[in-house]
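See below for the structure under consideration.
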Amino acid sequence: MKGMILFISCLLLIGIVVECKEGYLMDHEGCKLSCFIRPSGYCGRECGIKKGSSGYCAWPACYCYGLPNWVKVWDRATNKCGKK
C-alpha cells in the first residue's frame, strides 16, 4: 500500500515538473502561423520542428501542444502582429 502511494506521488510530481506549454506558433512578424492554404499535416510538422508533441490547424492558425518553454507562442496581451 505504501509503495502504491509513493508511486502515485511520483507520477504527480513528474506531471508538475515536466510542465509543457501550448499555444499558437508565431511567424517572424509576431503573427499566428497561418495554415489557411497549407497541406494536411503542415501544423503537426511545424510543431515537431519546434519540439512540440503534436499540433493541428485550428483554422486559420497552427496550434501546438507539448512545446518546450523556450518556444515563443502568440499571446493576446503581448500581440505585436501588424503593429509598428
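Start at 1 and count along the chain as shown; that gives each residue its number.
Note that Cβ sites are derived from N, Cα and C of the backbone, with glycine treated the same way.
Candidates considered were Cys43, Cys47, Cys81; the recorded disulfide partner of Cys64 in Swiss-Prot is Cys47. For Cys62, the cysteine that Swiss-Prot lists as its disulphide partner among Cys43, Cys81 is Cys43.
Here Swiss-Prot annotates a disulfide bond for Cys35; of Cys10, Cys57, Cys81, the partner residue is Cys57.
A count of other CB atoms within 10 A of each Cβ picks out Cys64 as the most crowded of the disulfide-bonded residues Cys35, Cys43, Cys47, Cys64.
Confidence annotation: the domain 'LCN-type CS-alpha/beta' (21-82) carries a mean pLDDT of 96 in the model.
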